[in-house]
């Protein structure tokens, strides 16, 4: 019984020691594995950077190859023949109005001993900073003309710059393509310069006409409005007419009055007239009536003396 506690204590001391001894190598292995993983993660970006550098180094030769190819393409373009000479003349000067015809003449001189076959004539607008970039390519003019040695030929060409190109510079390239009897192809850049397309000033377009019509209508509307405003201020109130009646009896229409009423009105007027005459008639005495009767009985005087005697008689009667 005394050994049991000692064995138990020994077991408790020996078991942790055994566990520690077994876990020691494993733990160190795990730590070593973690360290190796970290080293691998550090080494991976280095490897990726090396790959990128290799790709850049690989791209550089390709870019150089492309530039060389472009130079070869440019150098492979046909050039002008030393046995030929070209000249150009713009008919209306070196002005290039937008949306208007530009015409020029190209002269070709054969200075060699063999015939030249002039095939075509073309023109194009290009970007001023890069002549390989086309802005507007015009139609090539087929010629197919044989120019004998020591002879000249003149060709006419015309084109119309687009209207949106007005006011901007462009590179104008005019090429004359020809070949000899052996099949050698030549190309002469007759004109290769930067020009400015000018805006068209002459003439009236639809937008300008519409703008002028709109402004004219607006001005007319303003004038009419001001006129109406002034008239409304000057306008006076209308004068009310007062009925004054008829000024004379002739203006009255009696046809609608019955005839009986008219007779009564006429009879009343006659009575009123008689009464008025009686009121205004002077009072004459009987002697005056007698003198008047005497005057009627007197003979008509023929001379001045007779008139005088008649007046004396009347004076005797008391008139």
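Positions of Cβ are set from backbone N, Cα and C atoms, glycine also.
What you see is a predicted model, and the numbers here were worked out from it, not measured in a lab.
The following features are taken from Swiss-Prot:
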type: SIGNAL; residues: 1-21; note: signal peptide
type: TOPO_DOM; residues: 22-208; note: topological domain 'Lumenal'
type: COMPBIAS; residues: 35-76; note: compositional bias 'Acidic residues'
type: REGION; residues: 35-84; note: region 'Disordered'
type: CARBOHYD; residues: 137; note: N-linked glycosylation site
type: CARBOHYD; residues: 192; note: N-linked glycosylation site
type: MOD_RES; residues: 248; note: phosphoserine
type: MOD_RES; residues: 261; note: phosphothreonine
Inter-residue Cα distance where the pair is residue 137 (N-linked glycosylation site) and residue 192 (N-linked glycosylation site), in Å: 14
DSSP-derived class (H/G/I helix, E/B strand, else coil) of residue 137 (N-linked glycosylation site): strand
Segment-level pLDDT (mean, integer) for the topological domain 'Lumenal' (22-208): 78
Local Cβ density at residue 137 (N-linked glycosylation site) - other Cβ atoms counted within 10 Å: 12
Integer Cα-Cα distance in angstrom, the residue listed as 'phosphothreonine' to residue 137 (N-linked glycosylation site): 111
Cβ-Cβ neighbours of the residue listed as 'phosphothreonine' (radius 10 Å): 10
Cβ neighbours of residue 192 (N-linked glycosylation site) where a neighbour is any other Cβ within 10 Å: 12
